[in-house]
Amino acid sequence: MHALLQEILDEVRPLLGRGRVADYIPALADVPADQLGIAVCSAEGELFEAGDARTPFSIQSISKVFSLVQAIGHRGESLWERLGHEPSGQPFNSLVQLEFERGRPRNPFINAGALVICDVNQSRFATPELSMRDFVRHLSGNPLIVSDTKVAESEYQHRARNAAMAYLMQAFGNFHNDVEAVLRSYFHHCALRMNCVDLARAFGFLARDGICPQGGEAVLSPRQTKQVNAIMATSGLYDEAGNFAYRVGLPGKSGVGGGIVAVVPGRFTVCVWSPELNAAGNSLIGMAALEALSQRIGWSVF
């Protein structure tokens, strides 16, 4: 597997330069664009890696999966009274759809849905930022994970559209806590710095019917695990989820930091990272690497 991963990285590396590093978040614009890493973790905990798999990066929207899992653990099925689990078909930060649907986001992975999830967790935890940090430290087995305060502050200073969504949902009665406090938590989560190895391990419970490989406890029930994987498959890559399903065929979640995590239920979790993004905001080389890996090994849920 190590040799195969290195072979795939060598195969996709010529694509460097065809994408663009996220520049609408100033603190992310400085990330060197030529970095590329991949890690695969089996359901039994065996790890394989290649390239810059241990270089930390800003996980951004990948954090929405961890937030969702925390909220499901707190609210269970009642969580879905406040948001849906359908694909959006609109840009991840659309205000038009949110107003048309009276403040109820389509799913937890568009920004409005992620803010509702953070609002739920704000009501549950006294210190949501520390609760999230400790949660991902436990899932990954890495006690050194931190949030990049420079990135979080940079995102907070450019919060206008996210704030507009939160206040709009508040106007419809679907936002219960202080908007600015929830935004602070949201950006803190997005600014968590993890590497491919951390994320491949942290997502392991989604390949094991909800059982955490690190501690052996149930993070989710088997039914809840299936639900999270299903939402990742339909909505995990914004309006490119269909293309990802077509090319890769696995549940996945991306972030504008250049990371993509994919789950092979019952078998493996994979994380690939390359900071250059395509027009849809997903890692251009990451998509190509996961497609190649899926084709070589025959991984697909379809």
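Every residue number used here counts from 1 along the chain in the order it is shown.
Each Cβ is built from the backbone N, Cα and C atoms, and glycine gets one as well.
What you are looking at is a predicted structure, and each value in this text was computed from that prediction instead of being measured.
Annotation comment: Swiss-Prot describes Ser61, Asn111, Glu155, Asn162, Tyr186, Tyr238, Val256 as substrate binding site, evidence class sequence analysis. Taken residue by residue with DSSP, Tyr238 (substrate binding site) is part of a helix.
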All-chain count of other Cβ atoms within 10 Å of Glu155 (substrate binding site):
25
Among Tyr186, Tyr238, all listed as binding-site residues, which has the most CB atoms within 10 Å of its CB?
Tyr186
